[in-house]
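Here is what TrEMBL says about this protein:
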{"type": "ACT_SITE", "residues": "Lys35", "note": "active site, proton acceptor"}
{"type": "ACT_SITE", "residues": "Tyr258", "note": "active site, proton acceptor"}
{"type": "BINDING", "residues": "Arg130, Met306", "note": "substrate binding site"}
{"type": "DOMAIN", "residues": "237-361", "note": "domain 'Alanine racemase C-terminal'"}
{"type": "MOD_RES", "residues": "Lys35", "note": "N6-(pyridoxal phosphate)lysine"}
Amino acid sequence: MKRAAVIHRSPRALRHNLALARSLAPGRHVWTVIKADAYGHGMEWAAGVLEDVADGLSVSCLEEARALRDVGIGAPILVLQGPRSAAEWRLCASHDLQPVLHEEAQLPGLEALREPLPGLWIKLDTGMHRLGFVPLKAQSLYAQLHRHPAARNGLHWMTHLACADQPEHPQNAVQLEAFSHAVAELPGKRSFANSAAVVSGLASATKLGEWLRPGIMLYGASPLDGENGPERGLRPAMTVTAPLIALKSLEPGASVGYGATWTAERPTRAGVVAIGYADGYPRHAPSGTPVRVHGRECPLIGRVSMDMLEIDLTGVPEARVGDSVTLWGQGLPVARIARAAGTISYELLTRVAERLRVAES
Ligand SMILES: *Cc1c(COP(=O)(O)O)cnc(C)c1O
């Protein structure tokens, strides 16, 4: 059962944003990050759109990588969380996956592997303190693994920045220095740049990362604090719309929705839109959060309900039941809605519910 609300996906926007990433860090290779169902856009859809134009696809876990192989995706695949058992290491070899080694506990399974991997990435923890080995271990891991059959096609190096979305943050330089120092004498490819590092210029400012790993920018949202995306030339790959299902006239003093948190101060034309928090619209979006109707912005009024929300349509007198309302996307960057709701674009995009219908645009 599908709802009347629609996710419009734009393959052209996705490819345009990848081309933009390439232009911001020329000469690099790109792992396009399509984990978390391609940030809510549909992993198989994104893989199909990007396969021919990306250098590879990147997912979080083996389940995702396997699903891509099962539908015939042949592109190189980087698995960010890597295998957790000998069987999973074998699965990487048999499915032609490039796993990430980031933790001691993964080593026995890797040691037992006899088949070559298409590539093995070692993650160093240079300051994020999430996944990765201490940089001091790079040399000894190399010594231990570079002759191992699994590493026959190459041992590569990656790290992840904690503060790339704040390009001036001193931790960026500290982490890049630690990474550079740790791998200076070692062969292999290097990768550190997420979208924020690409957009801010951190990636192009150093020779250190031949492989980029952009995610959010591919979908059209800016990764940088306080930005939306369009000002960087990014185009939204997802637009969410839902129909107006009721109109009503409110007298001054009339309140709207659960908790009666919003009250009309003047005669108001209100509209009810068929989308709510069960569809992935953020419940914390306050009154005043914009939606778009007939090319104009209108404010949300009252609390978001499970399957509905209400808007002030006084400024759009031509609006009728059945008209389409844009919640975010084309003409209304998801980052603005995220900021209003006290979250980030990533969360809104990844939470869009499967019960919405999907259309190409
Ligand atoms: C998710 C992820 C990325 C992509 O991050 P964006 O901010 O979406 O560009 C890159 N590298 C790693 C390790 C990740 O987990």
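Each residue, glycine too, has its Cβ placed from N, Cα and C.
Because TrEMBL annotations are produced automatically, they should be read as predictions rather than curated entries.
When Cα-Cα distances from Lys35 (active site, proton acceptor) are compared across the recorded positions Arg130, Tyr258, Met306, the shortest belongs to Arg130. The DSSP secondary structure for Tyr258 (active site, proton acceptor) is helix. Of the recorded residues, Tyr258 (active site, proton acceptor) and Met306 (substrate binding site) place their C-alpha atoms 11 Å from one another.
Across the domain 'Alanine racemase C-terminal' (237-361), DSSP classifies residues as 20 helix, 48 strand, 57 coil. When the neighbouring Cβ atoms lying within 10 Å are counted for each of the active-site residues (Lys35, Tyr258), the highest count belongs to Lys35. Counted within 10 Å of its Cβ, the other Cβ atoms near Arg130 (substrate binding site) come to 10, all protein chains included.
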